Amino acid sequence: MFPTRIALGKEIMVVPQASAIVPGAANAEPVAIPADHLNMVKFASRQNGGYEKVSGHLQLLAEEAPEAIGARWEEHDRIRMAQANVKEDFTVPFSLSGIPETENFVGRKEELGKIKEAFQGDGSQRRVVLLHGLGGIGKTQLAVTFVKEHRDTYSAVFWLNGKNEDTLKQSFAVMANRLYKEYPSSALLRTAAEAKDVDQMVVTIRQWLSAEENHRWMLVFDNIDNPKLPGNEDPQAYDVRLYFPEAYQGSILITTRSSRLKIGKVVSVRKLVDIRESIAILTSTSGRVNLDRDTYARDLVSELDGLPLALTTAGAYLSQVSTSLEDYLRHYRTSWLRLQQTTPDLLSYEDRALYTTWDLSFKHIQSQNESAANLLRLWAYFDNQDVWFQLLAAGSEGSPVWFATIVYDELSFNEAIRLLCDHALIESLEMSGGEISMAILALICVGLAVPTENVPEYWAKERRLLPHADKCFEYVYNTINLEFRDNRNALNAVRNLGNLYADQGKMAEAEAMYRRALEGKEKAWGPEHTSTLDTVNNLGILYADQGKMAEAEAMYRRALEGKEKAWGPEHTSTLDTVNNLGILYADQGKMAEAEA
């Protein structure tokens, strides 16, 4: 709801914000007047405050109009002349910014040849190639290597993170902004970049990719591991084909773990068979020489079974220590045996090989820097991409000593990051107790980083936070006991996740977070606490937006009763709820109750 200031400095909610402003207009200034839609252009006299405000702003617009109109005609003429004399260009500079990339890629000549063959043509007919293989087998790096080697073949290459539908939409939003920076005179791309609705961004970008002469692009859909297929009842599953451009043109490369996804030409990415390629990875990541003549090195790569990620992790460890290959192999076998004994149900040889190499590296990090090891554990409760210093720093208040030390400044943060990067390690551990559990700390970082609507470009920041919010949602909704009697930050963080989801149109998730926050606040502070009542009011607004009028009325009445007791009938927060209840009644046609 959009706040409008009334007498005595108070504010009331008159209409929804979307109804009160020009949607998508970045240069529009909202001007509040004390009237609803019916009376906003009706004034008793020229001395009326609303008339003076509106007429004053109209006069300013009239004075500035000649210059603004002239500038727009000049821009129109430039665009028209360019369109008349120059064929539209769809070239975008090549960039893999933000894409995980390794300098140690070796081999895969056969797979690269198959991909090249499948993409033969000028793009006027759509070509789709699907790379399928185990996790950690090197699908993403194979895709990176291909686009780097053939960058000059394509007018533009766009990398899309398809881990789930939200991250894919976020990638389209990044793509829209990137394109608009390249072609600021394009009305279509301006529409995409300035849209606050990410679904509209996707639609507009698909239109741009479908332009008749724009067929030499490549889209890389990375990590399409949960495709919507018959028998897959996961609500997070989705059909990636819905995000293909409508025009049957261009080149599309997909990476997936799913053996059931069949789109285009399937290229299987298998374990490395040639031991020389495994030795090459171990050599490049460890910095050691003559490994091809080392018996223990050959034994190690044999046990790692041609898994590139395991080879890279082992090599990164060996680059940080003076341990001999013989000793590392002995430690590896000991850890492997212990893993078999303690977790006999671990599914596959590949899983055990990966876990064992990771575990050795993690223990070495613990011995060097316990705080860096804890940071790695904390990351298990974030989304696995785009974790930045300011995000973590938002949760520093009241945090454990080790965490406060790491986020004290960026230098401390970067020192811990360097150690983790040097070991090429990604780890996920079970939730454990402590002063503050890792999951709750991650929740606080994300929840307290959610911006308010008065923050510039708050919507873009919300989209950046959304993958981390989704990760926190899993733990808050399914795992975490929310009896945070001494942790106000955690409860406010859960409420803020509700605000974020509501802003992003994810009403079911917003309701779940508001209800969890309400449950926690009721247990911590009681049902009549003002913070509890604020969350009750949030639920009422959410229900009203969803058309659940009975539920909305119940929430509003509970909030109103509590606020009248706590603050009195004239408090601005009480009046906000009175106004919300009145609008609800008016929307239902209950005019007598609305007037009361």
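Cβ from N, Cα, C; glycine included.
Residues in the domain 'Orc1-like AAA ATPase' (104-226) partition by DSSP class (helix H, G, I; strand E, B; coil) as 62 helix, 18 strand, 43 coil. Annotation comment: TrEMBL describes 104-226 as domain 'Orc1-like AAA ATPase'.
Here the repeat 'TPR' (491-524) has, by DSSP, the following mix of helix, strand and coil residues: 31 helix, 0 strand, 3 coil. What TrEMBL lists as repeat 'TPR' is 491-524 (among others).
The feature repeat 'TPR' is assigned by TrEMBL to 533-566 (among others). Counting residue by residue with DSSP, the repeat 'TPR' (533-566) contains 31 helix, 0 strand, 3 coil.
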Overall pLDDT for the repeat 'TPR' (491-524), taken as the rounded mean:
84
